[in-house]
Amino acid sequence: MTARSDASRRQAASPGADAGPSGRRVFFALWPDRETAGLLSGWARHAHAAFGGRIMRADTLHLTLAFLGSVPHDRVAELAALLDEAELTGGTLRLDRYGRFRGPQIVWAGPSASPPWLEAMHGWLWRALARRGFDRPEEPFRPHVSLLRRAAPGDPAILPPPRPLDWTPLRCVLAASAPRPDGSFYEILAESALRGPGPGVQRE
């Protein structure tokens, strides 16, 4: 099964109504189109039947490339400019398994193997961020899309194997998060179309 994202565009970053007094919680991510998000919501419903918890809304599903935490307002535009400077090349990512982060009680969808183009994009982004003073996390990159939060204990291996989903993301976004009673609200501050398919990043 193959799903592609809608045509993307670049947007200027702005503080917005959900900005805090000192900064915004921001992250870079690959954002799915509506069809892909709908298919992943089906995965979430199957997992929810076994583990309960809170199902992530379809409009919030994404694959995080770099979470930066709270960033001062005057640096948000600088981060958005990265998406104009880079010529990022995408490809197809096969989501074919469930996984779990036990600490935050998250059940997720992910690939059995991370493709070279995704590893290259992640590496380029963190090198660019390091030059701007951001510290790369020590834990290895594990590409995933969170489906459930506050899930009950259990091994996702008990779930029937999902039908593999071949996702070809066409946009990388800079997004901001703000807590809401029904879960986090995400605002896309800037986005850029991906070249594709092909391995890696074309320009440093």
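Residue positions begin at 1 at the first shown residue.
Glycine residues also receive a Cβ, built from the backbone N, Cα and C atoms like all the rest.
On a predicted model such as this, the values are computed, not experimentally measured, just so you know.
Per TrEMBL, the feature active site, proton donor maps to His62. Around the Cβ of His62 (active site, proton donor), the number of neighbouring Cβ atoms within 10 Å comes to 21.
When Cβ atoms from all protein chains are considered, those within 10 Å of His144 (active site, proton acceptor) total 20, not counting its own. Mapped onto three states, the DSSP output places His144 (active site, proton acceptor) in coil. According to TrEMBL, the feature active site, proton acceptor maps to His144.
According to TrEMBL, the feature domain 'Phosphoesterase HXTX' maps to 31-107.
Per TrEMBL, region 'Disordered' is recorded for 1-20.
If you look up TrEMBL, you'll see 62-65 marked as motif 'HXTX 1'. Residues 27-32, 93, 121-122, 125, 143-145, 169, 172-173, 175, 186 of the same chain lie 6 or more positions beyond the ends of the motif 'HXTX 1' (62-65) yet place their CB under 8 Å from a CB of it.
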* **Distance from His62 (active site, proton donor) back to His144 (active site, proton acceptor), taken between C-alpha atoms, in Å** => 8
* **Assigned conformation of His62 (active site, proton donor) - DSSP reduced to three states** => coil
